[in-house]
Structures are given as C-alpha cells and as structure tokens.
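Q: OK, TrEMBL features for this one:
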- 29-48: transmembrane segment (TRANSMEM)
- 69-93: transmembrane segment (TRANSMEM)
- 125-150: transmembrane segment (TRANSMEM)
- 258-279: transmembrane segment (TRANSMEM)
- 299-318: transmembrane segment (TRANSMEM)
- 338-356: transmembrane segment (TRANSMEM)
- 393-421: transmembrane segment (TRANSMEM)
- 477-499: transmembrane segment (TRANSMEM)
- 505-523: transmembrane segment (TRANSMEM)
- 673-695: transmembrane segment (TRANSMEM)
C-alpha cells in the first residue's frame with residue numbers, strides 16, 4: 001500500500017502540473033482576446049453618441065432620460081471582463097478539484113466501489129456548488145455596484161449587465177474548443193496505436209500518450225464544461241433581467257420581483273444540496289449495478305425538490321399580477337403562469353436527460369444494437385451509430401418546442417428566459433454528475449499506471465461506464481438550455497434593435513437564415529479537422545516511440561510523455577483561434593455591413609441548425625463509447641459473445657469510439673456555445689447595429 005500510494009501521488013502530480021501549465025498557456029491567449037474585445041465593446045458602444053457624456057433619451061421609456069451611451073459602454077466593458085474572469089476562475093478551480101479527486105477515488109476503490117463512488121460524486125458536487133454560487137454571487141454584486149451609478153435607470157443598468165453573459169460565454173468557447181482538441185487528440189492517438197495496433201490495455205503506462213490523455217480529461221471535460229455551464233447560467237440570467245427591466249418590475253422599480261431569476265438560481269443551490277445527501281448519506285451505493293440508478297435518482301429528486309422551491313419563490317417573491325414586455329406591448333401575467341414557465345423548462349430538462357440516457361447507456365437496446373453491429377466491422381458500427389444520433393434528436397426537439405410554446409404563450413420572451421433558468425436551476429447537481437464521469441475515468445487511468453490489481457480496475461471501469469452516460473446527460477442539459485437561452489436573447493436583441501417583425505420572405509432575412517444554418521457545419525468542420533490533424537501527429541509520435549525506444553513494450557524502458565503533451569498543447573492553442581474568430585466576428589461583420597434584419601436571420605438559422613447537430617453529435621459519440629465499454633465489460637451473455645478485448649469486434653468498437661471522440665467532446669458541446677454566444681454578442685452590440693449597421697444593405 002505505501003508503494004501504491006507513492007505511485008498514485010507521482011501520477012497525480014504529473015497530471016496536475018501538466019494540466020495547470022496548459023490552462024495558464026490557454027488563459028494567456030484568452031486574456032489577450034479578452035483585452036482586445038473589451039476595447040471593441042467600449043469603442044463600438046461609446047461611439048453611438050460620439051462618446052458624449054450627456055444623458056440620452058431612453059429607448060423604451062418614452063419621455064424619460066437615461067445615462068449616456070459612454071457610461072453604458074464603460075459598464076458593459078466592466079461586466080464583460082467580470083464574466084470572463086469568473087468563467088476562467090470557475091474552469092481552473094474545477095480542474096484543481098478534479099485532479100486531486102482522481103487519485104483519491106483510485107485509492108478509495110481499494111475499499112470498495114461504494115467508497116470510490118462517494119469520493120468521485122462529492123468532488124463533482126464541490127465543483128458544481130462552487131460554480132453555481134460564484135456565478136450568482138458575482139452577478140448579484142455587480143448589479144448592486146452598477147446600481148450605485150445608474151440609480152433609477154434600470155433600463156441602462158441591465159443592458160450593461162448583459163456584458164457579463166458575453167464574457168462568460170466567450171471564455172467558455174476557448175475552454176471547450178481548446179480543451180476538446182487537447183483531450184481528443186491524445187485520446188485518439190492513445191487508442192488507435194495502443195489498443196488497436198499494440199493490443200495493450202487502456203491507460204497502460206507503456207503508452208506515450210497516456211499522460212496527455214488523462215490531462216485532457218481535466219482541461220477539456222472538467223474546465224471546459226465548467227466554463228460552458230457557467231456561460232449558460234450567466235446568459236439566461238442576463239436575458240431574463242433585460243426583459244424584466246422593461247416590464248412592470250423595472251418600470252415600477254420592484255427590486256424583489258426583478259431579482260426573480262436570481263432567486264430561482266438561489267433556491268436551486270439549496271435544492272441540489274438536499275439532493276446530494278440522497279446519493280452520499282441517505283442511500284449508500286454498495287454494488288456496481290447501483291451506480292447508474294443512484295445518479296438517475298439525483299436528476300429525479302433534484303427536479304422534484306426544485307419544483308416545490310419554484311412554487312415557494314413564485315408565491316413569495318412575485319406580485320399576483322404584473323406586466324411583461326412583449327415586442328412593444330405589455331402583456332398581463334400572473335405569478336402562477338411564471339411558475340409554470342420555470343417548471344416546464346425544469347421538467348423538459350429531465351425528459352432530455354432521460355432520452356439522452358436511453359440512447360447512450362449500454363443498459364438499453366440502442367447502444368447494444370450498435371455494439372452488435374461491430375460483428376461485421378467498423379463500417380456497420382459507424383452506420384448504426386450515426387443513425388442512433390439522428391434518431392436521438394426527435395424527442396428532445398419536441399420537448400424544447402413544447403417548452404418554448406407554453407412559456408412564450410404564458411409570459412412572452414421572459415417566460416422563455418425563465419424556462420431556460422428552470423432547466424439550469426439544478427446546475428449544481430448537473431455539474432456533479434457530469435464531473436463525476438471524467439474523475440472516474442482518470443481514477444481508472446491512475447489505477448492502471450500504478451499497477452493496481454485487476455479487481456480495482458474493474459471497479460473504476462464500472463464507475464467510468466456510468467460516468468459516460470451521465471456526461472452525455474450533462475451535455476443534453478447544456479444543449480437544451482442553450483436553445484431556450486438563445487431564443488430569449490434573440491427576442492431581446494430584436495426588441496433592442498427596433499425590429500418589428502422578422503419576415504423570412506424578405507431577402508435580407510432569408511439569406512441570413514441560410515448563412516446562419518451553415519455556420520454550425522463550418523464550425524464543426526474546423527474543430528473536427530483540428531482534432532484529426534493533432535491526432536495524426538500524435539499517432540505518428542506514439543508509433544515512433546514504440547518502434548525506436550528499446551524495451552518500451554516489455555516495460556523496461558519509460559516512454560517520452562512530454563513530447564505527446566507538447567503535441568496536444570501546441571495543437572489546441574493554435575487550432576482554437578480560427579473557430580473562436582468565426583463565432584465572435586460573424587455578428588460584428590453581419591450587423592455592421594448587412595444590418596440587423598440579416599443578423600436576425602443568421603441568429604435564427606444558427607439556433608435551429610446548431611441544436612440538431614449538437615444533440616446528434618453528442619449522442620452518437622456517447623453511444624460509440626459505451627458500445628465499446630459494453631464489449632469490454634462482458635457483463636452479459638450477449639456482450640461475451642462479441643469477444644474479449646483485442647478481438648476483431650472489439651477493435652471495430654474502438655474505431656467507432658475514436659470517431660465519436662471529437663463529436664461528443666469537441667464539436668457537439670462547442671456548438672451550444674456558438675448559438676448562445678452569437679445571440680448574446682448581438683444583444684450587447686444591438687445599440688451600435690441599430691444606429692450604424694447596414695452599410696451595404
């Protein structure tokens with residue numbers, strides 16, 4: 001045991017130092033971008049009134065004066081920087097928590113699968129609560145500090161606050177894309193050469209790419225995912241606050257109802273805290289087959305508890321009758337209608353979670369069919385996996401569509417915004433079960449590298465298999481909420497830009513729709529190609545080391561881990577910039593040169609197209625991954641008939657898994673940031689586009 005502990009500590013320190021080094025390098029580039037974009041925000045918004053310090057007529061409150069455009073520019077810039085810094089800090093702290101949790105989970109696995117589960121889950125929960133609480137705290141403090149200057153000008157105050165969502169999401173884009181390229185380049189290289197060509201186990205210390213692979217889990221799946229969900233939370237809160245500020249809450253200066261979006265998130269933290277106790281204290285996991293049900297119960301219990309919490313907040317925090325801004329008019333709404341809006345978003349998230357689980361868990365027939373297709377090779381595996389991904393889109397889209405219809409019918413765009421917040425209200429539990437997956441995966445890697453017994457590896461593999469499904473569920477929540485958030489931001493943008501109707505029969509709008517629907521494909525092509533190029537270099541390096549280092553296969557010589565880490569680092573830093581530029585520059589170019597109507601078409605097209613591709617890509621990749629694990633585990637007669645590790649059937653499954661890696665961990669999760677980020681950026685720059693946009697049209 002002391003020797004095993006020392007080896008685990010060595011591996012932990014190695015992974016931790018490499019992950020920290022990569023994030024600092026990534027954040028250096030992200031910081032440069034943040035500085036440049038902050039200047040752009042200030043210049044674009046400040047130029048609306050020629051950098052005047054005089055008060056201006058309010059956009060919505062006719063006859064009243066609001067703070068000068070220069071002040072809005074300055075405070076939007078500050079909010080942008082606050083959101084960006086909070087996003088980066090959230091991702092970094094999440095990575096630190098995860099790297100220490102990995103080794104602790106490995107060591108606890110010696111005592112049983114239950115002990116290891118509790119450590120992995122609690123570590124994910126710490127990250128979830130940290131992110132949810134810090135995002136809420138910074139936003140609330142910013143609102144109150146900005147309010148010292150704005151006073152009664154709530155319209156200007158909450159317009160400036162939208163910069164917070166833009167900052168959070170822009171950093172999340174770099175975290176998701178950069179981290180995704182890093183982790184999948186290493187993963188694909190390690191699997192193709194190690195498993196398929198050399199027939200050695202996953203995470204074998206002889207594999208030169210194994211450290212880069214484990215580092216990637218922490219910087220991509222943990223730091224990137226944390227920043228992503230923080231961005232969703234910040235944007236949905238900002239979208240709801242903007243609409244509320246021009247409704248009766250803002251007009252009558254009713255602070256408590258105005259803070260309704262933040263109250264939902266606050267109650268969500270308490271609900272998730274109660275829910276967490278069910279997984280770690282009230283019911284103890286003792287057997288492998290209890291892991292996945294325990295995680296599923298987290299979703300059900302958190303949703304049920306949160307429903308009660310929303311009812312209390314809606315009853316205590318809202319007046320019985322009020323009005324909500326609805327594209328130029330005020331719509332009369334009752335408090336129980338807002339409760340229904342939040343609840344429909346919350347329960348739609350649960351439906352999306354369960355449908356995602358059905359299509360990505362190897363306990364159900366879809367993934368088992370994909371595994372069975374490996375009998376005839378990798379080609380049929382790929383065909384079945386793609387078909388599964390396309391089919392998995394159907395019910396989530398109906399759930400999102402129903403949520404939008406009901407919430408918009410009840411409370412216009414504010415209803416859609418709070419429905420998105422409802423879906424994200426259990427973000428702490430969502431992050432806990434999402435982060436649990438990479439932590440368990442890395443725990444298995446450390447167990448393999450430390451030479452721990454086969455029994456320990458079986459326990460960590462069981463934890464990891466459940467983690468793959470929960471990670472897919474987390475991505476489903478993120479994509480579903482992104483659709484609702486983007487629509488709410490789109491509505492706020494249309495109102496702020498002064499567009500009365502978005503008519504698809506107008507050429508300006510229709511060409512925008514076409515271009516917008518194309519953007520997710522362009523973005524996906526860039527990220528997939530980036531992973532492929534980096535993986536190509538990784539495969540060549542791993543092969544070179546196996547062929548040229550004497551004694552490497554025999555275990556008498558050590559591989560050169562540092563070179564593989566450098567390949568992943570260099571590739572991710574270099575390749576994350578073009579996709580980021582595509583997303584960030586598109587709204588600026590379209591809004592400035594082609595006007596707000598064309599931009600509204602682009603946003604609508606990207607939303608409709610991006611959601612479909614994101615769900616399909618994430619579920620296809622998750623299904624291929626779990627089909628491989630289904631064969632490896634051999635837990636049923638059917639699985640055993642597909643062959644042990646190293647068989648032709650298993651090799652076909654590994655090839656499917658490697659194809660799915662960039663789909664589920666790079667392109668798919670990044671697409672939800674694309675649709676949100678373009679929408680919130682358009683909202684922030686809407687005053688500039690409305691004043692100076694449309695140079696060509």
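Any Cβ shown, glycine's included, is placed from N, Cα and C.
Whatever TrEMBL says is automated annotation, not expert-curated.
Describe the structural context of each listed feature in the structure shown, including burial, neighbouring residues and relevant distances.
A: Under 8 Å from some Cβ of the transmembrane segment (29-48) lie the Cβ atoms of residues 69-70, 72-74, 76-77, 80-81, 84, 88, 163, 166-167, 170-171, 174-175, 573, 576-577, 580, 584, 588, 684-685, 687-688, 691-692, all in the same chain and six or more residues away from its ends.
Within its own chain, the transmembrane segment (258-279) is flanked in space by residues 118, 121-122, 125, 128-129, 132-133, 135-136, 139-140, 154, 233, 236-237, 240-241, 244-245, 249-250, 285, 294-295, 297-298, 301-302, 305-306, 309-310, 312-314, 317-318, 338, 342, 417-418, 421-422, 424-429, 432, which lie at least six positions past its ends and keep a Cβ under 8 Å from the stretch.
Sequence-distant contacts of the transmembrane segment (299-318) (same chain, at least 6 residues past either end, Cβ-Cβ under 8 Å): 256-257, 259-260, 263-264, 267-268, 270-272, 274-275, 278, 335-336, 338-339, 342-343, 346-347, 349-350, 353-354, 422, 425-426, 429, 433, 473.
Through the fold, the transmembrane segment (393-421) approaches residues 232, 236-237, 239-240, 243-244, 247, 260-261, 264-265, 324-327, 331, 333, 337-338, 340-342, 344-345, 348, 351-352, 355-356, 476, 479-481, 483-485, 487-488, 491-492, 495, 611-612, 615-616, 619 of its own chain, all at least 6 residues removed from its boundaries and within a Cβ separation under 8 Å.
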Q: Count, for each of 125-150, 477-499, 505-523, 673-695, the Cβ pairs lying under 8 Å from the transmembrane segment (69-93), and report the range with the highest count.
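A: The listed stretch sharing the most Cβ pairs with the transmembrane segment (69-93) is 125-150.
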Q: Cβ pairs under 8 Å with the transmembrane segment (673-695): which stretch of 125-150, 477-499, 505-523 has the most?
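A: When the Cβ pairs under 8 Å are tallied, 477-499 comes out ahead.
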Q: Other than its close neighbours in sequence, what residues sit by the transmembrane segment (505-523), given a CB gap under 8 Å and a spacing of at least six beyond its ends?
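A: For the transmembrane segment (505-523), the list is 579, 582-583, 586, 590, 594-595, 597-610, 613-614, 667, 670-671, 674-675, 678, 697.
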Q: Any residues 6+ beyond the ends of the transmembrane segment (477-499) with a Cβ under 8 Å from its own?
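A: Answer is 59, 159, 162, 165, 225, 228-229, 232, 235-236, 238-240, 242-243, 246, 325, 327-328, 345, 348-349, 352-353, 396, 399-400, 403-404, 407, 412-414, 416-417, 419-420, 423-424, 430, 596-597, 599-600, 603-604, 607, 611, 614-615, 618, 668-669, 671-673, 675-676, 678-680, 682-683, 686-687, 689-690.
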